[in-house]
(Lines of atoms letter the chains of each structure in order from A; the text may use other names.)
(Lines give C-alpha, C1' and ligand atoms only; values in the text may rest on other atoms or scores of the structure.)
Protein backbone atom coordinates (compact mmCIF):
# COMPACT_ATOMS: atom_id res chain seq x y z
CA UNK A 1 0.00 0.00 0.00
CA UNK A 2 1.11 3.55 -0.74
CA UNK A 3 1.48 5.98 2.16
CA UNK A 4 0.87 9.66 1.43
CA UNK A 5 1.61 12.87 3.30
CA UNK A 6 -1.85 14.38 2.96
CA UNK A 7 -4.14 17.04 4.38
CA UNK A 8 -6.91 15.98 6.69
CA UNK A 9 -10.20 16.65 4.89
CA UNK A 10 -11.40 20.16 5.70
CA UNK A 11 -8.14 21.22 7.40
CA UNK A 12 -4.68 22.53 6.52
CA UNK A 13 -3.26 19.98 8.93
CA UNK A 14 -1.26 17.14 7.34
CA UNK A 15 -1.14 13.49 8.38
CA UNK A 16 0.03 10.08 7.23
CA UNK A 17 -2.61 8.69 4.85
CA UNK A 18 -3.59 5.16 3.86
CA UNK A 19 -4.28 5.89 0.19
CA UNK A 20 -5.39 2.57 -1.33
CA UNK A 21 -8.02 -0.01 -0.48
CA UNK A 22 -7.41 -3.70 0.27
CA UNK A 23 -3.70 -3.40 0.95
CA UNK A 24 -1.14 -4.22 3.59
CA UNK A 25 0.72 -1.24 4.99
CA UNK A 26 3.90 -0.96 7.00
CA UNK A 27 5.96 2.03 8.07
CA UNK A 28 8.25 2.55 11.06
CA UNK A 29 10.24 5.26 12.80
CA UNK A 30 13.14 4.44 15.09
CA UNK A 31 13.49 6.62 18.17
CA UNK A 32 16.75 8.39 18.93
CA UNK A 33 16.79 6.58 22.27
CA UNK A 34 14.63 3.73 23.62
CA UNK A 35 11.92 4.87 26.03
CA UNK A 36 11.77 2.95 29.30
CA UNK A 37 8.32 1.90 30.51
CA UNK A 38 9.56 0.99 33.98
CA UNK A 39 10.19 4.49 35.36
CA UNK A 40 7.04 6.34 36.43
CA UNK A 41 4.11 6.81 34.07
CA UNK A 42 4.19 6.52 30.29
CA UNK A 43 1.56 7.94 27.94
CA UNK A 44 1.01 6.59 24.42
CA UNK A 45 -1.23 8.78 22.29
CA UNK A 46 -2.12 9.29 18.64
CA UNK A 47 -4.91 10.59 16.43
CA UNK A 48 -6.61 8.76 13.61
CA UNK A 49 -9.46 9.64 11.29
CA UNK A 50 -11.50 7.29 9.10
CA UNK A 51 -12.31 9.77 6.34
CA UNK A 52 -14.19 7.12 4.35
CA UNK A 53 -15.48 5.22 7.38
CA UNK A 54 -14.12 1.89 8.59
CA UNK A 55 -15.87 -1.38 7.81
CA UNK A 56 -12.92 -3.75 7.78
CA UNK A 57 -9.40 -2.84 8.77
CA UNK A 58 -6.91 -1.97 11.48
CA UNK A 59 -5.66 1.45 12.54
CA UNK A 60 -3.43 0.56 15.49
CA UNK A 61 0.18 1.29 16.31
CA UNK A 62 2.95 -1.09 17.30
CA UNK A 63 5.50 0.06 19.84
CA UNK A 64 8.56 -2.02 19.01
CA UNK A 65 11.08 -3.27 21.52
CA UNK A 66 14.81 -3.18 20.59
CA UNK A 67 15.36 -5.43 17.59
CA UNK A 68 18.13 -7.91 16.96
CA UNK A 69 21.55 -6.67 15.85
CA UNK A 70 21.62 -5.78 12.16
CA UNK A 71 17.89 -5.05 11.96
CA UNK A 72 17.02 -2.15 9.66
CA UNK A 73 13.83 -0.13 9.41
CA UNK A 74 13.07 -1.35 5.90
CA UNK A 75 12.86 -4.90 7.34
CA UNK A 76 9.84 -3.95 9.46
CA UNK A 77 6.92 -6.36 9.02
CA UNK A 78 4.32 -8.25 11.05
CA UNK A 79 7.03 -10.46 12.56
CA UNK A 80 8.99 -7.55 14.07
CA UNK A 81 8.81 -7.96 17.89
CA UNK A 82 6.84 -5.33 19.77
CA UNK A 83 6.20 -4.39 23.38
CA UNK A 84 2.70 -2.93 23.01
CA UNK A 85 0.06 -2.88 20.29
CA UNK A 86 -2.59 -0.20 20.73
CA UNK A 87 -5.43 1.24 18.65
CA UNK A 88 -8.64 0.60 16.70
CA UNK A 89 -9.47 -2.58 14.82
CA UNK A 90 -12.83 -3.31 13.20
CA UNK A 91 -13.98 -6.10 10.87
CA UNK A 92 -17.03 -8.34 11.11
CA UNK A 93 -17.56 -9.29 14.76
CA UNK A 94 -14.29 -7.55 15.75
CA UNK A 95 -14.85 -4.01 16.97
CA UNK A 96 -12.37 -2.92 19.62
CA UNK A 97 -9.57 -0.62 20.60
CA UNK A 98 -6.76 -3.13 21.08
CA UNK A 99 -4.32 -3.01 23.94
CA UNK A 100 -1.91 -5.93 23.79
CA UNK A 101 1.17 -6.31 25.98
CA UNK A 102 3.86 -8.68 24.76
CA UNK A 103 5.51 -9.82 28.00
CA UNK A 104 8.46 -12.09 28.61
CA UNK A 105 7.65 -15.11 30.77
CA UNK A 106 10.38 -15.12 33.45
CA UNK A 107 10.33 -18.92 33.68
CA UNK A 108 10.24 -19.98 30.03
CA UNK A 109 11.86 -16.89 28.51
CA UNK A 110 9.14 -16.84 25.83
CA UNK A 111 7.20 -13.71 24.87
CA UNK A 112 3.45 -14.03 25.33
CA UNK A 113 0.71 -11.72 24.00
CA UNK A 114 -1.61 -10.57 26.80
CA UNK A 115 -4.84 -9.02 25.46
CA UNK A 116 -6.88 -6.49 27.40
CA UNK A 117 -10.29 -8.02 28.16
CA UNK A 118 -13.47 -6.22 27.11
CA UNK A 119 -11.75 -3.29 25.37
CA UNK A 120 -13.83 -0.27 24.28
CA UNK A 121 -15.47 -0.12 20.84
CA UNK A 122 -14.25 1.96 17.92
CA UNK A 123 -16.16 5.23 17.26
CA UNK A 124 -18.38 4.71 14.21
CA UNK A 125 -18.14 8.16 12.59
CA UNK A 126 -15.68 9.83 10.18
CA UNK A 127 -14.28 12.36 12.66
CA UNK A 128 -10.76 12.62 14.05
CA UNK A 129 -10.40 10.76 17.34
CA UNK A 130 -7.49 10.68 19.76
CA UNK A 131 -6.55 7.43 21.50
CA UNK A 132 -4.60 7.50 24.75
CA UNK A 133 -3.10 4.70 26.87
CA UNK A 134 -1.68 5.73 30.26
CA UNK A 135 0.63 3.19 31.93
CA UNK A 136 0.89 3.94 35.65
CA UNK A 137 3.62 2.80 38.09
CA UNK A 138 0.98 1.05 40.25
CA UNK A 139 0.35 -1.51 37.45
CA UNK A 140 -2.73 0.35 36.23
CA UNK A 141 -3.48 1.09 32.60
CA UNK A 142 -6.14 3.58 31.51
CA UNK A 143 -7.58 3.73 27.99
CA UNK A 144 -9.00 7.10 26.89
CA UNK A 145 -10.84 8.02 23.70
CA UNK A 146 -11.03 11.77 23.06
CA UNK A 147 -9.80 12.34 26.60
CA UNK A 148 -12.65 10.35 28.17
CA UNK A 149 -11.71 7.24 30.14
CA UNK A 150 -13.26 4.16 28.55
CA UNK A 151 -11.40 1.41 30.38
CA UNK A 152 -9.28 0.96 33.48
CA UNK A 153 -7.38 -2.26 34.13
CA UNK A 154 -4.61 -3.78 36.21
CA UNK A 155 -1.77 -5.54 34.42
CA UNK A 156 -1.52 -8.23 37.12
CA UNK A 157 -5.26 -8.99 37.34
CA UNK A 158 -6.53 -12.18 35.72
CA UNK A 159 -9.87 -10.40 35.29
CA UNK A 160 -8.31 -7.77 33.02
CA UNK A 161 -5.89 -9.62 30.72
CA UNK A 162 -6.13 -12.84 28.73
CA UNK A 163 -4.03 -14.84 29.30
CA UNK A 164 -3.16 -13.36 32.71
CA UNK A 165 0.41 -12.20 33.21
CA UNK A 166 0.62 -14.26 36.42
CA UNK A 167 -0.37 -17.90 35.81
CA UNK A 168 -2.80 -19.67 38.15
CA UNK A 169 -1.25 -21.23 41.25
CA UNK A 170 -2.93 -24.55 40.56
CA UNK A 171 -4.02 -26.34 37.42
CA UNK A 172 -6.14 -29.45 36.70
CA UNK A 173 -4.01 -32.58 36.92
CA UNK A 174 -3.56 -33.70 33.29
CA UNK A 175 -2.97 -37.30 34.47
CA UNK A 176 -6.10 -37.52 36.59
CA UNK A 177 -8.75 -39.68 34.92
CA UNK A 178 -12.44 -40.01 35.68
CA UNK A 179 -13.22 -43.37 37.38
CA UNK A 180 -15.30 -45.72 35.26
CA UNK A 181 -18.00 -45.97 37.94
CA UNK A 182 -18.37 -42.19 38.33
CA UNK A 183 -22.05 -41.34 37.81
CA UNK A 184 -22.72 -37.72 36.71
CA UNK A 185 -26.50 -38.15 36.24
CA UNK A 186 -28.39 -36.06 38.79
CA UNK A 187 -31.72 -37.65 37.77
CA UNK A 188 -32.52 -41.12 36.47
CA UNK A 189 -35.75 -42.87 35.29
CA UNK A 190 -37.52 -44.48 38.23
CA UNK A 191 -36.69 -48.22 37.85
CA UNK A 192 -39.81 -49.18 39.85
CA UNK A 193 -42.23 -47.18 37.72
CA UNK A 194 -44.74 -49.17 35.66
CA UNK A 195 -46.77 -47.97 32.70
CA UNK A 196 -50.46 -47.62 33.68
CA UNK A 197 -52.81 -50.18 32.11
CA UNK A 198 -54.94 -47.45 30.52
CA UNK A 199 -51.99 -45.74 28.85
CA UNK A 200 -52.57 -45.99 25.08
CA UNK A 201 -49.33 -45.18 23.25
CA UNK A 202 -50.99 -45.68 19.85
CA UNK A 203 -53.74 -43.10 20.33
CA UNK A 204 -53.35 -40.43 17.62
CA UNK A 205 -52.65 -36.81 18.56
CA UNK A 206 -55.62 -35.55 16.48
CA UNK A 207 -59.01 -37.03 15.59
CA UNK A 208 -61.93 -35.91 13.44
CA UNK A 209 -64.38 -33.58 15.12
CA UNK A 210 -67.54 -35.69 15.04
CA UNK A 211 -69.63 -32.74 16.18
CA UNK A 212 -68.63 -30.57 13.23
CA UNK A 213 -71.39 -29.77 10.69
CA UNK A 214 -70.93 -28.76 7.07
CA UNK A 215 -71.69 -25.03 6.75
CA UNK A 216 -74.79 -24.00 4.84
CA UNK A 217 -74.12 -22.96 1.29
CA UNK A 218 -71.00 -25.16 0.90
CA UNK A 219 -70.50 -25.74 -2.85
CA UNK A 220 -69.60 -29.44 -3.08
CA UNK A 221 -69.54 -29.52 -6.86
CA UNK A 222 -67.50 -26.39 -7.40
CA UNK A 223 -63.66 -26.68 -7.66
CA UNK A 224 -61.51 -24.13 -5.82
CA UNK A 225 -59.77 -23.21 -9.11
CA UNK A 226 -61.06 -23.01 -12.68
CA UNK A 227 -59.55 -22.37 -16.09
CA UNK A 228 -59.15 -18.65 -16.84
CA UNK A 229 -62.04 -17.99 -19.28
CA UNK A 230 -60.21 -14.99 -20.72
CA UNK A 231 -57.03 -16.89 -21.54
CA UNK A 232 -56.42 -17.78 -25.19
CA UNK A 233 -54.00 -20.14 -26.76
CA UNK A 234 -50.91 -18.23 -28.07
CA UNK A 235 -50.68 -18.06 -31.86
CA UNK A 236 -47.16 -19.48 -31.88
CA UNK A 237 -48.12 -22.47 -29.69
CA UNK A 238 -47.12 -25.77 -31.36
CA UNK A 239 -48.96 -28.76 -29.87
CA UNK A 240 -46.35 -31.17 -31.20
CA UNK A 241 -43.41 -29.29 -29.67
CA UNK A 242 -45.05 -27.58 -26.70
CA UNK A 243 -47.62 -30.23 -25.79
CA UNK A 244 -51.35 -29.81 -25.36
CA UNK A 245 -52.17 -26.23 -24.37
CA UNK A 246 -53.97 -25.72 -21.06
CA UNK A 247 -55.47 -22.49 -19.84
CA UNK A 248 -53.92 -21.09 -16.65
CA UNK A 249 -55.92 -21.51 -13.44
CA UNK A 250 -57.61 -18.74 -11.46
CA UNK A 251 -59.53 -18.73 -8.16
CA UNK A 252 -63.13 -19.81 -8.66
CA UNK A 253 -65.19 -16.59 -8.24
CA UNK A 254 -68.17 -18.63 -6.94
CA UNK A 255 -66.09 -19.66 -3.93
CA UNK A 256 -65.47 -16.06 -2.87
CA UNK A 257 -68.96 -15.61 -1.45
CA UNK A 258 -69.53 -19.23 -0.37
CA UNK A 259 -68.18 -20.70 2.93
CA UNK A 260 -66.17 -23.21 0.88
CA UNK A 261 -65.88 -25.34 -2.26
CA UNK A 262 -65.08 -28.91 -3.10
CA UNK A 263 -65.43 -32.01 -0.97
CA UNK A 264 -66.20 -31.05 2.64
CA UNK A 265 -64.25 -32.89 5.34
CA UNK A 266 -64.65 -32.76 9.07
CA UNK A 267 -61.88 -30.68 10.70
CA UNK A 268 -59.42 -32.31 13.08
CA UNK A 269 -59.29 -31.65 16.83
CA UNK A 270 -56.95 -32.65 19.65
CA UNK A 271 -57.53 -36.20 20.86
CA UNK A 272 -58.37 -36.09 24.60
CA UNK A 273 -57.11 -39.69 24.89
CA UNK A 274 -53.70 -38.86 23.44
CA UNK A 275 -50.78 -39.39 25.86
CA UNK A 276 -47.85 -40.19 23.60
CA UNK A 277 -45.05 -42.58 24.40
CA UNK A 278 -44.84 -43.48 28.08
CA UNK A 279 -41.61 -42.93 29.94
CA UNK A 280 -40.74 -43.50 33.56
CA UNK A 281 -40.68 -40.36 35.74
CA UNK A 282 -37.29 -39.07 36.87
CA UNK A 283 -36.08 -39.46 40.45
CA UNK A 284 -32.91 -38.37 42.27
CA UNK A 285 -30.01 -40.63 41.37
CA UNK A 286 -28.78 -42.33 44.58
CA UNK A 287 -25.39 -42.89 42.92
CA UNK A 288 -24.95 -39.30 41.78
CA UNK A 289 -21.46 -38.01 42.54
CA UNK A 290 -21.59 -34.61 40.83
CA UNK A 291 -19.81 -33.41 37.70
CA UNK A 292 -16.34 -34.90 37.71
CA UNK A 293 -13.31 -32.72 37.31
CA UNK A 294 -9.64 -33.53 37.75
CA UNK A 295 -8.01 -32.63 41.02
CA UNK A 296 -5.91 -29.49 41.21
CA UNK A 297 -2.14 -29.70 41.43
CA UNK A 298 0.50 -26.95 41.86
CA UNK A 299 1.17 -25.22 38.53
CA UNK A 300 4.80 -25.88 37.59
CA UNK A 301 4.76 -22.69 35.46
CA UNK A 302 3.53 -20.45 38.28
CA UNK A 303 5.59 -17.41 39.22
CA UNK A 304 5.02 -14.28 41.25
CA UNK A 305 5.33 -10.81 39.81
CA UNK A 306 5.28 -7.40 41.50
CA UNK A 307 5.42 -5.43 38.28
CA UNK A 308 5.37 -6.27 34.56
CA UNK A 309 8.83 -6.56 33.05
CA UNK A 310 8.16 -4.00 30.33
CA UNK A 311 10.47 -3.95 27.34
CA UNK A 312 11.54 -0.45 26.29
CA UNK A 313 10.08 1.19 23.17
CA UNK A 314 12.77 1.55 20.51
CA UNK A 315 10.55 2.35 17.50
CA UNK A 316 6.95 3.16 16.58
CA UNK A 317 5.39 1.41 13.59
CA UNK A 318 2.11 1.03 11.75
CA UNK A 319 1.67 -2.46 10.36
CA UNK A 320 -1.92 -3.06 9.25
CA UNK A 321 -4.15 -4.68 6.67
CA UNK A 322 -7.27 -2.76 5.66
CA UNK A 323 -10.08 -2.83 3.13
CA UNK A 324 -10.51 0.97 3.56
CA UNK A 325 -8.58 3.89 2.24
CA UNK A 326 -8.67 7.36 3.76
CA UNK A 327 -7.29 6.38 7.18
CA UNK A 328 -5.22 9.30 8.46
CA UNK A 329 -2.70 9.10 11.33
CA UNK A 330 -1.42 12.20 13.10
CA UNK A 331 0.30 13.53 16.25
CA UNK A 332 1.90 10.33 17.53
CA UNK A 333 3.13 11.04 21.05
CA UNK A 334 5.09 9.22 23.74
CA UNK A 335 5.27 11.19 26.99
CA UNK A 336 6.13 10.61 30.64
CA UNK A 337 3.47 13.04 31.87
CA UNK A 338 -0.24 12.74 31.13
CA UNK A 339 -0.55 16.54 31.37
CA UNK A 340 1.57 16.79 28.23
CA UNK A 341 -0.81 14.44 26.43
CA UNK A 342 -3.79 16.41 27.71
CA UNK A 343 -2.25 19.64 26.40
CA UNK A 344 -1.78 18.06 22.96
CA UNK A 345 -5.43 16.99 22.94
CA UNK A 346 -6.57 20.51 23.76
CA UNK A 347 -4.32 22.30 21.26
CA UNK A 348 -4.02 19.88 18.31
CA UNK A 349 -6.95 17.48 18.39
CA UNK A 350 -9.89 19.39 19.87
CA UNK A 351 -9.94 22.34 17.40
CA UNK A 352 -10.03 19.91 14.46
CA UNK A 353 -12.66 17.77 16.11
CA UNK A 354 -14.94 20.74 16.82
CA UNK A 355 -14.78 21.89 13.18
CA UNK A 356 -15.54 18.37 11.93
CA UNK A 357 -18.37 17.93 14.42
CA UNK A 358 -20.06 21.14 13.30
CA UNK A 359 -19.78 20.10 9.68
CA UNK A 360 -21.17 16.66 10.52
CA UNK A 361 -24.03 18.25 12.43
CA UNK A 362 -25.01 20.25 9.35
CA UNK A 363 -24.90 17.15 7.18
CA UNK A 364 -26.96 15.19 9.71
CA UNK A 365 -29.88 17.54 9.26
CA UNK A 366 -30.59 15.66 6.08
CA UNK A 367 -30.20 11.99 5.34
CA UNK A 368 -26.62 11.14 4.36
CA UNK A 369 -25.40 8.88 1.58
CA UNK A 370 -25.78 5.78 3.77
CA UNK A 371 -29.46 6.48 4.36
CA UNK A 372 -28.87 7.29 8.04
CA UNK A 373 -30.45 10.37 9.56
CA UNK A 374 -28.68 12.43 12.19
CA UNK A 375 -31.01 11.01 14.84
CA UNK A 376 -30.15 7.45 13.82
CA UNK A 377 -26.43 8.20 13.99
CA UNK A 378 -26.85 9.48 17.54
CA UNK A 379 -28.82 6.34 18.39
CA UNK A 380 -26.00 4.15 17.03
CA UNK A 381 -23.42 6.13 19.00
CA UNK A 382 -25.41 5.44 22.18
CA UNK A 383 -25.76 1.75 21.29
CA UNK A 384 -21.99 1.44 20.80
CA UNK A 385 -21.55 2.87 24.30
CA UNK A 386 -24.11 0.37 25.61
CA UNK A 387 -22.03 -2.45 24.10
CA UNK A 388 -19.10 -1.32 26.25
CA UNK A 389 -21.00 -1.72 29.55
CA UNK A 390 -19.00 -4.34 31.53
CA UNK A 391 -21.93 -6.54 32.66
CA UNK A 392 -22.94 -6.95 28.98
CA UNK A 393 -19.46 -8.15 27.95
CA UNK A 394 -20.73 -11.69 27.34
CA UNK A 395 -23.09 -10.33 24.68
CA UNK A 396 -20.84 -7.61 23.23
CA UNK A 397 -20.19 -9.34 19.89
CA UNK A 398 -23.90 -10.09 19.50
CA UNK A 399 -24.83 -6.45 20.20
CA UNK A 400 -22.16 -5.11 17.80
CA UNK A 401 -23.41 -7.45 15.08
CA UNK A 402 -26.96 -6.11 15.54
CA UNK A 403 -25.75 -2.50 15.38
CA UNK A 404 -23.78 -3.11 12.17
CA UNK A 405 -26.82 -4.72 10.54
CA UNK A 406 -28.94 -1.70 11.49
CA UNK A 407 -26.35 0.71 10.05
CA UNK A 408 -26.62 -1.10 6.72
CA UNK A 409 -30.44 -1.37 6.92
CA UNK A 410 -31.74 1.76 8.71
CA UNK A 411 -35.34 0.54 8.48
CA UNK A 412 -34.63 -2.14 11.12
CA UNK A 413 -33.23 0.31 13.70
CA UNK A 414 -36.27 0.03 15.99
CA UNK A 415 -36.11 -3.77 15.90
CA UNK A 416 -32.42 -3.68 16.79
CA UNK A 417 -33.08 -1.37 19.77
CA UNK A 418 -35.78 -3.77 20.99
CA UNK A 419 -33.40 -6.74 20.59
CA UNK A 420 -30.68 -5.01 22.61
CA UNK A 421 -33.20 -4.06 25.32
CA UNK A 422 -34.23 -7.72 25.52
CA UNK A 423 -30.57 -8.70 26.01
CA UNK A 424 -30.12 -6.07 28.75
CA UNK A 425 -33.32 -7.13 30.56
CA UNK A 426 -32.28 -10.80 30.32
CA UNK A 427 -28.91 -10.06 31.90
CA UNK A 428 -30.48 -7.90 34.63
CA UNK A 429 -33.00 -10.65 35.39
CA UNK A 430 -30.18 -13.18 35.75
CA UNK A 431 -28.22 -10.84 37.98
CA UNK A 432 -31.22 -10.14 40.21
CA UNK A 433 -32.72 -13.60 40.43
CA UNK A 434 -29.72 -15.81 39.85
CA UNK A 435 -28.86 -18.15 37.07
CA UNK A 436 -26.15 -20.38 35.76
CA UNK A 437 -22.78 -18.87 36.51
CA UNK A 438 -20.61 -18.34 33.45
CA UNK A 439 -17.37 -20.29 33.25
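Yeah, the Cβs are placed from backbone N, Cα and C, and that goes for glycine too.
Quick look at what TrEMBL annotates:
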type: DISULFID; residues: 56-91; note: disulfide bond
type: REGION; residues: 155-252; note: region 'Disordered'
type: COMPBIAS; residues: 172-188; note: compositional bias 'Basic and acidic residues'
type: COMPBIAS; residues: 198-211; note: compositional bias 'Acidic residues'
type: COMPBIAS; residues: 218-229; note: compositional bias 'Acidic residues'
type: COMPBIAS; residues: 236-245; note: compositional bias 'Acidic residues'
type: TRANSMEM; residues: 412-433; note: transmembrane segment
Cβ contacts of residue 56 (disulfide bond) (under 8 Å, same chain, 6 or more positions away): 90, 91, 92, 322, 323, 324
Cβ neighbour count (within 10 Å, all chains shown) around residue 91 (disulfide bond): 15
Structural state census, the compositional bias 'Basic and acidic residues' (172-188) (DSSP three-state): 0 helix, 3 strand, 14 coil
